[in-house]
Amino acid sequence: MHLNHIHSLRGIAILFVVFGHALWFQFNWSNNQPTITFLIELLSNGTILFVFVAGYLFQYLLPKYHYPKYLKAKLKNVITPYLLISIPAIAYEIFIGSPSDKFTQLEDASTPLQVLWFYAVGGGHINYALWFIPMITLFFIGAPLFALCNQYPKAYWLLIPLYVLALAVHREPFPIISPLRAFLYFLPIYITGMLAAQFREKLDPVLTKHAPAIGLLLAAIFLCQLFINEHHGIYKTEHMFDMSKGYIDWLLLQKTLLCFFLIGIYLRYPKLATKPINYLADISFTVFFIHVYFFAAVYIILGHQRFEGSLGLWFVRGCACILFCVVATWLAKKVLGKYSRSLIGS
């Protein structure tokens, strides 16, 4: 599969996710608002890059597509690691935390039902990033419908109303426990990735040629977010169709445009696809699965202390997390051998 630029995009995606999450847990940014504003506008909603890549690869691999085989592979390489890696987080919530106090829907639920609920929503426990798996599972289930776009390209016109819907649905506030709402939000991103793959022969030369212009447009949007837009960060609302934070989710548009910009840049300058980025791409699912455990463990070990946020501390924290994930994944792959992908996702 000769998709080095898309593989590198996945490596960049996991950096956005990890360094985006590194902003929180222990840091208090109240005395450093300009820095946190810059960083959240730069890094937030990095999940869009992951979803775009997922849609791209789904379309690219359609010639090999067979639904039962496809589901079996996803069950083996995504769902099974999710079930295993969720165990510490769910155990922590049930035996140390107080699930019924946090979530009213668990007030009268037995322990087995609580466990099933945590698995179903993904983001209700300390490893909150796992909300992604129940959401992406809905895309796996809907694969036959997405495959129709390959036969009927006019279906891509549905992207217009789907983006309008995403702009109105917004992301939900923490904790993220609604896979269906997340699915509706990321749906146009996934299909946009499919479109980019299906028309790559026409689109890639355009992106390569005009990558600098796309970069300038991206920079202009970013500056508008910083200095003109009143809201900063992800557009989170308690309820869907709440437009109190604005009618345009600039982060949604910014990160979507970033996907096309990075494709153009990597096609234009293929030497940027370095070995470290490609290795991160190789282990990106495992890093996604375990990186929040690193942040949570440090937070607990340090006695839930909070520190004043700074650019330097944030960067060190993010780098330390990446290093931990790389070493942990390398060791796990050595121990697990051929079973590593089914157990840890890489």
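Every residue, even glycine, has its Cβ placed from backbone N, Cα and C.
TrEMBL has this to say about the protein:
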- 6-329: domain 'Acyltransferase 3' (DOMAIN)
- 12-29: transmembrane segment (TRANSMEM)
- 35-58: transmembrane segment (TRANSMEM)
- 79-96: transmembrane segment (TRANSMEM)
- 116-143: transmembrane segment (TRANSMEM)
- 155-170: transmembrane segment (TRANSMEM)
- 182-199: transmembrane segment (TRANSMEM)
- 211-228: transmembrane segment (TRANSMEM)
- 248-267: transmembrane segment (TRANSMEM)
- 279-302: transmembrane segment (TRANSMEM)
- 314-332: transmembrane segment (TRANSMEM)
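Relative to the transmembrane segment (182-199), the listed stretch 35-58 leads the set 35-58, 211-228, 248-267, 279-302 in CB pairs under 8 A.
With a cut-off of 8 Å on Cβ pairs spaced 6 or more residues apart, the transmembrane segment (314-332) and the transmembrane segment (248-267) reach fewer than 3 such pairs and are scored as not touching. Counting Cβ pairs under 8 Å to the transmembrane segment (79-96), the top-ranked stretch among 12-29, 248-267, 279-302 is 279-302.
Sequence-distant contacts of the transmembrane segment (12-29) (same chain, six or more residues past either end, CB-CB distance under 8 Å): 35-36, 39-40, 43-44, 46-47, 49-50, 53, 129, 262, 277, 280-281, 284, 287-288, 291-292, 295-296, 298-299, 302, 305-309, 313-315, 317-318, 321-322, 325. Where the transmembrane segment (116-143) meets the stretches 35-58, 155-170, 211-228, 248-267, 279-302, the count of C-beta pairs under 8 angstroms peaks at 279-302. Looking at the domain 'Acyltransferase 3' (6-329) alone, the prediction's average pLDDT is 93.
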